[in-house]
Amino acid sequence: MNSALICGVDEAGRGPLAGAVFAAAVILDPAAPIAGLKDSKQLSERRRDHLAALIRKQALAWSIAVASIEEIDTLNIHHATLLAMQRAVEGLAIAPGEVLVDGLYCPPVAYAARPIVKGDALVAEISAASILAKTARDVEMRQLDQRFPQYGFARHKGYPTKAHIEALRRHGVSSVHRRSYAPVAELIDLTRMVVSATPEHERA
């Protein structure tokens, strides 16, 4: 363990209605700073992809992990996010001296850790983690878009946009939607009500 090394941790994908939640942990090289790091939400997709490649190449260590849709629905999104963060830290090839986590809560890890509100805008290591988590999740959503083109995942990345909600109503709930999320759960309940109200002789 090097007590001078800081690990930044952040997540991507708490709000969407579909897909896994991602987390990344990054230890930057103090001797090779990366210019332009900031909260991934403040960067264009092209800029995020460029910085993600630099982070993967120049960081001393980095790790990306997920908590699955099933884990989100079983544990809830808060605990699933902490689980993904824990897995990301555990996946590092180098032990950090301190772990700094974006937000209000820290996952259970084997190192000194503290949360930093708006850390993705304040700490370079957390900004880097934010970028890796976001770009990795975007890749997954583009892959899901190829499997389920009717939902438009490549455009809205699973977030509850008007187009996504309309697609859910039109095509129903897929296997990659989070059933514990209200818009999805409400649609499932509505579908059950419609089915249960269908006369027996009209059912397939």
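Yeah, the Cβs are placed from backbone N, Cα and C, and that goes for glycine too.
Under the heading divalent metal cation binding site, TrEMBL lists Asp10, Glu11, Asp102. Counting only same-chain residues at least 6 apart in sequence, those with a Cβ under 8 Å from the Cβ of Glu11 (divalent metal cation binding site) are Val21, Phe22, Ala23, Ala24, Thr81, Ala84, Met85, Asp102, Ala133.
Here TrEMBL flags 4-193 as domain 'RNase H type-2'.
Cβ neighbour counts within 10 Å, taken over all protein chains shown, single out Asp10 as the most crowded of the binding-site residues Asp10, Asp102. What surrounds the divalent metal cation site, by Cβ distance within 8 Å of the Cβ centroid and not counting Asp10, Glu11, Asp102, is the set Val9, Ala12, Ala23, Ala24, Met85, Val101, Gly103, Gly119, Asp120, Ile126, Ala129, Ser130, Ala133 from the same chain.
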